[in-house]
Amino acid sequence: MAAVVVYILRHGETQENRAGVMQGHLDTELNAAGIEQAQVTAEALEKVSFVAAHSSDLSRAIKTAEIVLKKHPGVELQKHEALRERYMGDMQGVRISEWEGPMPANMEPAADFATRADQWWKKSVQSYVSSVTSRRGGATSEGPAHILVVSHGGLIRVLLQGLIGSRHVRCAEGVDVGRYRCSNASVTVIEVDESGKGTLLLFADTAHLDVELVEGNVDVVDEGK
């Protein structure tokens, strides 16, 4: 039986997304399109009874979460540095089309980024699953707790790669993660059972968005180039 259902959102669009600028830890704001995307997403999730909410501590993620939570008064937003996008070093603030040469030496190592995402999941989601299971004491009549998470495309990518690669999460039939790319304000849903094992029910879904979206995510880079 599901103990927790986690709804993972990528933040709404920023002007830097639109311009192809690598943001990383830059504290950028939602643009008008990003605010609209967050509002539409909030309406789509209005009937979900969230009991907890988490976001990156960067403004674009916080604002997206706050717009969604307007439909869920009383749910406190917890902000985490661990949910930030990958630190891009000297690439931050630069258009991807203008960057030449190898990846900067001061970029956050891929292994450290993946570990950061995994540790956040264990600390915030797995521990919550354990507390829910303990509180229920084996009772199965109570429905799952719903958790909102708002983060960044790169973080969502490495989190899912780690969870699926370690077999802590499996894909439901018909769910295709492809190259793990997700658009602004897309929704990913993971159902976690009482043992801590999860099922990916939905990945990077944008069916609720009837607005133009930026293709790709320049903060997700191919380090083989």
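Cβ coordinates are placed from backbone N, Cα and C, and glycine is handled just like the others.
Remember, TrEMBL labels are computer predictions, not curated facts.
The model shown is predicted, which means the values in this text are computed figures rather than measured ones.
As annotated by TrEMBL, active site, tele-phosphohistidine intermediate applies to His11. Cβ-based neighbour count (10 Å, all protein chains) for His11 (active site, tele-phosphohistidine intermediate) stands at 28.
The feature active site, proton donor/acceptor is assigned by TrEMBL to Glu85.
Summarising the environment of Arg10 (substrate binding site), the number of other Cβ atoms within 10 Å of its Cβ, over all protein chains shown, is 29. Positions annotated as substrate binding site by TrEMBL: Arg10, His11, Gly12, Glu13, Thr14, Gln15, Glu16, Asn17, Arg60.
Neighbour density at the Cβ, taken as the number of other Cβ atoms within 10 Å, is lowest among the recorded positions Glu16, Glu85 for Glu16. For Thr14 (substrate binding site), the Cβ neighbour count at a 10 Å cut-off comes to 23, with all displayed protein chains included. Cα of Gly12 (substrate binding site) to Cα of Glu85 (active site, proton donor/acceptor): a span of 14 Å.
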